[in-house]
Amino acid sequence: MGIANKLRLSSSSLSRILHRRILYSSAVRSFTTSEGHRPTIVHKQGLDILHDPWFNKGTAFTMTERNRLDLRGLLPPNVMDSEQQIFRFMTDLKRLEEQARDGPSDPNALAKWRILNRLHDRNETMYYKVLINNIEEYAPIVYTPTVGLVCQNYSGLFRRPRGMYFSAEDRGEMMSMVYNWPAEQVDMIVVTDGSRILGLGDLGVHGIGIAVGKLDLYVAAAGINPQRVLPVMIDVGTNNEKLRNDPMYLGLQQRRLEDDDYIDVIDEFMEAVYTRWPHVIVQFEDFQSKWAFKLLQRYRCTYRMFNDDVQGTAGVAIAGLLGAVRAQGRPMIDFPKMKIVVAGAGSAGIGVLNAARKTMARMLGNTETAFDSAQSQFWVVDAQGLITEGRENIDPEAQPFARKTKEMERQGLKEGATLVEVVREVKPDVLLGLSAVGGLFSKEVLEAMKGSTSTRPAIFAMSNPTKNAECTPQDAFSILGENMIFASGSPFKNVEFGNGHVGHCNQGNNMYLFPGIGLGTLLSGAPIVSDGMLQAASECLAAYMSEEEVLEGIIYPPISRIRDITKRIAAAVIKEAIEEDLVEGYREMDAREIQKLDEEGLMEYVENNMWNPEYPTLVYKDD
């Protein structure tokens, strides 16, 4: 009886065997004709073969092999032979060491990244336990600022593929390609097209590193199960001529698709992933401004998605701005009275402006007058200077924040006024940098901030990576004194004043918010990520610090508390989803059960659904 059972095959197993025999016979004919040798028979497909050091060829798998072995989408699109692979490895290794000295302030950052990456390859549970237990030390290694250097040198660092690659050449194939990913359930996708990686510009297919790093933080901070995350690169080409002309570049060596051709690729990708994983949350990351806003508006009311550059950066900045209000000893409701000069009108800058306007307007009653009043608190300066209604060909996204020409004339300003001129005349409470221009807040600009009408002015140098920060904390504190508030997008060390006092360098990292937004959306079952859910996340972060901490100039908590911060933000997001009647349930918890949870119950619900890196007991079961 036992032998009979072993010999009995299911119809699906028989179909797979017959299919493989057909592929084998065709492979024999093909290989024998063209290369004069028989193929090696393998019993693995997809990621299994990529993770087998004996059979893995990496980028040398031909397109025929990729289709035959279910590898399509699991490798960068450019096919290379072994000689090209060796040349790429040696060339990029040397280039990598040369560029490392211009990278993060920690000269060992790249070496640490490599060691962590090797651990990730060997033992995922141990990797995340190390990351969680040392999050303050290693978050800057797996994410900003080190990840910027990783992306710049991705082809040299590429060893084992992570995530999926969808390219312009895969049009019409994506619906089947998603099934090459082995996970039956995916909770979180981070997707990029590589067009605007941090402040480094168009890095093409190398941008996959930012998606990998972001998802590491989803696992470490939010407890998303690492078997249910998927980093994705959508390769539509690159306008980076240096990359495009590099024979060792791993991506498509063509200019970026534009207009409807571009939209068609993204549409097909979204339809494919939501067909296979209907409940997945997709975070868009580092898309250039013109597409970041268009895609957000195109998908946000249909899919569970958000854009971290537009909405996440905005949320963290709002939390910091509200913290700056508290640091002045004022209630957060005074936020609409703050005068803010914003340097930068890209996706991040406009995202912050929109979020700040909505927050102010809500505090003022959400009337049309409230929106007008809120809008009047911002002065936006881009590469061409102050944006006013007199500007020609103004970006539609920046249009609502263009100042009235006559009003500016009364203030002694005009279209194109410099940042220094604007700061001198406006005397703002806050100078907010989202320009990606390192050193933009020059000595002259910071000197002008001395005229601020605020009792405790704030400097937010939020651009990443470190070299793109508008100024350093040392620059700001040395000119404005120890009473100011400082925040940045990249990590800096606190400034010692020599009198026992410390200038706190608050890092306004997006990792404070996006893990909680993602986790809260996931556990609520909300079909969309609403503005209210995003605002709830910001206000939760702003209220996290104690009064004593805020008065000391600490407006963001230490990264070491990230699991607790994320848990509270996720609970706040779920609570807002309940109030907006967006809750649809998660797994065994239906909507009615979630709606009954009080604040303590929500916290417990979130904590119980956060993955922890512990070794499970394994039991073998024969198929």
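Glycine is no exception: its Cβ is also placed from the backbone N, Cα and C atoms.
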Matching residue for the divalent metal cation site, where Swiss-Prot names GLU285, ASP286 - out of ASP264, ASP267, ASP309: ASP309
Of the recorded positions listed as TYR143, GLU285, ASP286, the one whose CA lies nearest the CA of ARG196 (NAD(+) binding site): ASP286
Rounded Cα separation (Å) that holds between LYS214 (active site, proton acceptor) and ASP286 (divalent metal cation binding site): 11
Spatially closest candidate among ASP286, ASP309, ASN464, the listed binding-site residues, to TYR143 (active site, proton donor) (Cα to Cα): ASN464
Cβ packing number for ASP286 (divalent metal cation binding site), 10 Å threshold: 25
Number of other Cβ atoms within 10 Å of the Cβ of ASN464 (NAD(+) binding site) across all protein chains: 25
Neighbours of ARG196, ASP309, ASN464 excl. site residues, C-beta within 8 Å of centre, NAD(+): ILE197, LEU198, GLY199, GLU285, ASP286, THR313, GLY346, SER347, ALA348, ALA436
Which of GLU285, ASP309, the listed binding-site residues, has fewest other Cβ atoms within 10 Å: ASP309
Packing count at LYS214 (active site, proton acceptor) (other Cβ atoms within 10 Å of its Cβ): 29
